[in-house]
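Colleague: Mind having a look at this structure? Questions to follow.
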Amino acid sequence: MNKIAQLQKDCERIGCVCLADEPMAAHTSFKIGGPADLLLKPKDVETAARVVARARELSVPLLFIGKGSDLLICDEGVRGAVLSFDEESARPSMCDETVIDCPAGASLTTLCRFALEQGLTGLEFAYGIPGSVGGAVYMNAGAYGGEICDVVGAVRFLDGQGKLCVLEGCALELSYRHSYFTDHPDCLITSASFHLKRGDREAIRARMDDLMERRRTKQPLEYPSAGSTFKRPKGAYASALIDGCGLKGRRVGGAMVSEKHAGFVINYDHASCADVLALIGEIQTQVREQTGFSLECEVKYIG
């Protein structure tokens, strides 16, 4: 029995959902990606810890993902195992008067709606960001003047050996699209607390609705994508640079620079990973040659 088959057998024995040769296109917002040897969906943190420990014992590579909203996975897929928490059982809860504790597998939308129900303000900026709580902490997600670092407290995670650990404050090393976890990909975020403030529910709701309407109006939400393709360069905006270079609507295979928002590379017509990478490379070259700015990808490539 090979290592993957052994890991699948052992994980199924402890109640972990296992999907062999699972197409990763079904688990990323780009709708791109070949099969993973094994996709693991642990039901809780305890099961995840056992899965991580067993994978390490068998020397099976592990990739941790959330909702796959900031990923571009290669056409050949992922060798080894991919682990993702089940969103269905991930529910936020109150752990203090203005502090929410939230499992990593919950969507940001779920967290934001829960905060609204509790009359808590501070997370409105995150409403509509198509990712999980774990993924948002991992990359210090942000939009419309807010970032996760503004509200996150303690973050619990499993280290590379499956041991439960906690970090908070400066130890999280949060900066623009960066955290302790981007430098330690063998760590699996399991939950995080968020420190908010009391607010007026109607004002919170109005702000959330306004930001969602802005997204619908300005972003190509009708097409699969990984959100903003590039990080914001110092002193400029990636979308303005790309637009200024005349690249709106530029296509490579099934990948295209959105005509609605130049900062988005979209899966316009059954794009492959190779299509997207080629288009990203062309954008970077054109922007560098025409403006002198170097664009760094915000999308994480797995290949």
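Here the Cβ of each residue, glycine as well, is placed from N, Cα and C on the backbone.
In case it's useful when we look at the structure, here is the feature table from TrEMBL:
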type     : residues : note
DOMAIN   : 32-199   : domain 'FAD-binding PCMH-type'
ACT_SITE : ARG177   : active site
ACT_SITE : SER228   : active site, proton donor
ACT_SITE : GLU298   : active site
Colleague: According to DSSP, does ARG177 (active site) sit in a helix, a strand, or coil?
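Modeller: Assignment for ARG177 (active site) reads coil.
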Colleague: In sequence order, which same-chain residues at least six apart have a C-beta under 8 angstroms from SER228 (active site, proton donor)?
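Modeller: Those within reach of SER228 (active site, proton donor), by Cβ under 8 Å and sequence separation of 6 or more, are ALA238, GLY263, PHE264, GLU298.
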Colleague: List the same-chain residues at least 6 positions away in sequence whose Cβ sits under 8 Å from the Cβ of ARG177 (active site), in sequence order, or say none.
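Modeller: Non-local contacts for ARG177 (active site): MET139, ASN140, ALA141, GLY142, LYS231, GLU298.
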Colleague: Relative to the Cβ position of GLU298 (active site), how many further Cβ atoms are located within 10 Å?
Modeller: 18
Colleague: Limited to the domain 'FAD-binding PCMH-type' (32-199), I'd like the whole-number average of pLDDT.
Modeller: 95
